[in-house]
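The feature substrate binding site is assigned by TrEMBL to Asp7, Ser8, Tyr39, Gly40, Asn71, Thr72, Thr195, His196. Per TrEMBL, active site, proton donor/acceptor is recorded for Cys70, Cys194.
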Amino acid sequence: MAIGVFDSGLGGLTVLEAAQKRLPDVDFIYLADSAHAPYGVRTADDIYNLTTAAVQRLFDAGCDLVILACNTASAAALRRMQEGWVPEGKRVLGVFVPLIEAMTERQWGDNSPPREVAVKHVALFATPATVSSRAFQRELAFRAIGVDVEAQACGGVVDAIEDGDMILAEALVRSHVDALKRKMPHPQAAILGCTHYPLMQDVFQQALGADVQVYSQANLVGESLADYLTRHPDKMGTGTSAYLTTGDPKRVSDRAVQFMRRQITFVSA
Ligand code: DGL
């Protein structure tokens, strides 16, 4: 039974790759909604409608479990989907919680009351839709007290990455880090709250400085998925992956190879 991994574009490949390494016997189907990326500048209703259509495509392909490897979809649509849309026998999981659990020093599913944690000043970099949803702050408040979060909406970065314009992406990341530092001069930790941003992780780290701990989701989600699968072992397969896109498969495959530095062949969704 393949596990579905969904993103608006290529960013979720960072999560998929970590999951493939951590779980080499699991089959995955990746879906990039490239025709509609970026999601980060869309309304919550628009993101909900696009995300449910994409997840339905993965259910139709036989996936019982779909990971939203997209913070924007997790922030704007996941709760609404879980409350009224996900059919019986299917599951949809997001990417925030593993990251926040790591930052707040919690084990998976630890629902004890919020408590003080070591990090006090956190910079959040995410898409405009994720920042305006305040979903990170909400999930954090369930688990930690006394953490000051300064959010920076990083307009333009996802478009530049999807277009393969890494010079522009790098310049935008530097200017967003500068803007953040004007609001919070000394963050202790930074959250890369968009699955595209690990592709720019070195630039974030350099601009923030070596003393800032940068959290990105890929490995954390891989670990938390492994943990989930020990409780749901029916998901084991033969380690094959398929790649679907709503965009132009040739163009999307070329970009995927550029970023992930291995052969990845997308076909039409
Ligand atoms: N990778 C998506 C995320 O994690 C990008 C969103 C977009 O398409 O703007 O938020």
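If you go along the chain as it appears here, the first residue is 1 and each next one adds 1.
Placed from the backbone N, Cα and C atoms, the Cβ positions cover glycine too.
Curation does not apply to TrEMBL; its annotations are automatic.
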- Query: How many other Cβ atoms sit within 10 Å of the Cβ of Gly40 (substrate binding site)?
  - Reply: 29
- Task: Measure from the CA atom of Cys70 (active site, proton donor/acceptor) to the CA atom of His196 (substrate binding site) and give the result in Å, rounded to a whole number.
- Result: 8
- Pairwise Cα distance maximum in Å, substrate-binding residues per record: Asp7, Ser8, Tyr39, Gly40, Asn71, Thr72, Thr195, His196: 12
- Query: Near the Cβ of His196 (substrate binding site), how many other Cβ atoms are there if near means within 10 Å?
  - Reply: 31
- Query: Which of the three DSSP-derived classes (helix, strand, coil) applies to His196 (substrate binding site)?
  - Reply: coil
- In three-state DSSP terms, the structure that Thr72 (substrate binding site) belongs to: helix
- Cα-Cα, Thr72 (substrate binding site) versus Cys194 (active site, proton donor/acceptor), nearest Å, comes out at 7
- Kindly assign Asp7 (substrate binding site) to one of the three DSSP-derived states: helix, strand or coil. strand
- Item | Rounded distance in angstrom between the Cα atoms of Tyr39 (substrate binding site) and Cys70 (active site, proton donor/acceptor) | 9
- Could you round the CA separation between Cys70 (active site, proton donor/acceptor) and Asp7 (substrate binding site) to a whole angstrom and send it over? 5
